[in-house]
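Below is one structure; the comments refer to it alone.
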């Protein structure tokens with residue numbers, strides 16, 4: 001959350017920050033739009049400046065080709081796009097993904113859209129950034145099932161890739177390696193922003209961008225305290241919370257065996273802590289939760305209100321919240337399918 | 001083969017047609033370019049006129065969406081694009097495709113590029129046209145594993161598809177059905193032409209479009225008799241021949257159990273008859289044969305010369321033929337990834 005904006009907002013409204021109900025109980029109540037601007041930020045339509053490394057355009061162009069190339073997997077069947085489908089919500093619409101040998105993964109595939117705006121990657125935040133993230137699915141035995149050396153062998157076997165890597169990493173002696181592959185993929189994924197959602201237009205001053213019911217949903221969202229976790233640009237993605245703060249979720253929503261962040265961070269003493277998922281484009285990314293077990297937004301909203309906030313919502317509240325969340329659907333990027341080079345006699349054969 | 005051109009060519013050259021050696025043994029030998037024009041035609045850059053049905057553009061736009069939508073499969077994982085990858089050679093680069101439940105199909109996936117120019121579809125020609133073809137993979141248990149009613153349920157559940165089908169099939173009472181789905185897919189696939197290969201430029205008069213060795217390869221191609229099967233616009237795709245005219249191919253190339261066209265046509269009395277595959281973009285579509293068993297063009301060329309033509313080629317001949325085939329790679333279409341609508345609560349869930 002931008003600090004300066006927060007301070008300004010507090011000064012203007014003349015109130016003291018106290019949890020999520022900061023604005024709700026004051027005499028001189030700020031407008032809903034001001035409240036929204038306090039909690040949320042507009043999705044940028046440009047890649048964040050800190051991502052703009054040297055030869056960024058060349059890295060993006062290369063990363064786009066890699067993203068769609070199934071030959072990064074052992075079977076040469078599974079690409080990044082298989083589970084992070086850019087025609088859909090940047091995910092795959094399944095509870096859990098299907099990977100090598102038709103094996104299923106343990107968690108719901110998160111969207112790649114706006115993922116660069118998160119503090120970390122994966123449901124448990126175990127990857128610091130997109131560069132670290134990009135390596136895991138390629139070498140996971142249940143996903144793409146390849147290996148570092150095999151990926152290098154595959155890419156080095158095609159002269160076009162040799163040229164594209166050289167252009168994207170001109171300072172490297174051996175431009176094609178697992179690290180550069182991850183860097184290029186991360187550069188491409190960092191461009192996958194979805195600006196100009198109705199909610200962004202509203203944040204920027206366009207009152208009519210939200211319907212009356214959507215505004216009521218936004219008010220509920222703030223008043224109920226959803227903003228404690230789902231805040232900032234991505235309405236999530238910037239903090240970790242236990243799934244089950246007030247009540248234990250049913251096992252179908254929170255399978256017993258998946259302890260979340262505790263499995264990967266020694267310092268976490270609590271079970272079932274996960275990164276708060278973004279609500280950006282949430283209307284495109286059913287099913288919900290790390291378990292992919294809630295198939296409608298209505299169901300997800302009711303469950304979350306109960307287990308996180310100890311609130312039983314009435315149908316009107318649920319409806320307005322869901323309609324508000326519809327306003328979080330941005331403009332998905334227009335992506336041209338890359339033309340990939342043919343395999344050569346040096347390219348390892350697919351194995352399946 | 002265009003009849004008028006054929007007759008003209010015969011008159012001009014003053015020879016009588018006699019197998020593939022028609023030009024090779026005459027005194028006043030026509031130029032290599034004339035010979036090539038006798039056997040082959042330029043790939044059109046426009047969809048053939050007979051394909052241009054009513055509301056063609058709307059059908060193409062819809063078909064493009066369907067082509068990329070994995071929700072046409074039971075698992076909502078496999079799309080047309082999975083095995084007919086437009087980033088690659090319009091195929092999948094595997095011996096046989098991987099489909100539902102990681103099952104493998106019996107034959108190598110053929111390219112969709114220029115497939116509209118073939119006399120029939122599938123290796124055994126069992127589908128009369130692309131409309132008939134499009135239905136089979138969607139409902140094959142080892143490919144997309146869906147059913148007619150499920151596909152209609154999936155598509156009817158999304159308002160955007162309802163609108164798109166209405167626009168593409170405005171005269172239908174129920175625009176969304178299995179037949180219209182197939183028609184739209186066929187319309188899109190009919191646009192996937194790859195014009196302007198070096199060989200097309202050569203056919204159109206540009207002598208320098210082929211290198212000296214490629215011209216030697218073309219000469220070999222004609223002299224050896226490859227043109228008996230691989231002729232016309234697609235250098236194939238317009239006739240059926242036994243795989244093993246002169247010699248029985250090794251079992252790895254021609255598995256005993258796959259009898260080819262005989263399995264689907266009662267009138268075929270001979271085993272191992274297949275549709276002659278196109279050689280267009282053949283450098284992009286390894287591995288080769290219906291069995292997907294030859295991983296290099298060199299290997300495929302040597303095998304074909306022996307089993308079909310009783311010829312043992314020397315390495316120079318093989319090299320020039322392969323280099324000639326490189327000249328058959330056209331310009332693949334630029335395809336924008338379609339943006340697909342979100343599933344709704346009415347959309348059947350994926351099953352896997």
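Yeah, the Cβs are placed from backbone N, Cα and C, and that goes for glycine too.
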Candidate from B:150, B:158, B:304 that TrEMBL assigns to the same heme c 2 site as B:226, B:229, B:230: B:304
Helix-strand-coil residue split for the domain 'Cytochrome c' (B:58-166), DSSP-based: 51 helix, 6 strand, 52 coil
DSSP-derived class (H/G/I helix, E/B strand, else coil) of residue B:229 (heme c 2 binding site): coil
Neighbour tally for residue B:304 (heme c 2 binding site), based on other Cβ positions within 10 Å of its Cβ: 24
Segment-level pLDDT (mean, integer) for the domain 'Cytochrome c' (B:58-166): 97
For residue B:229 (heme c 2 binding site): intrachain residues, at least 6 apart, with Cβ closer than 8 Å: B:236, B:239, B:241, B:276, B:308
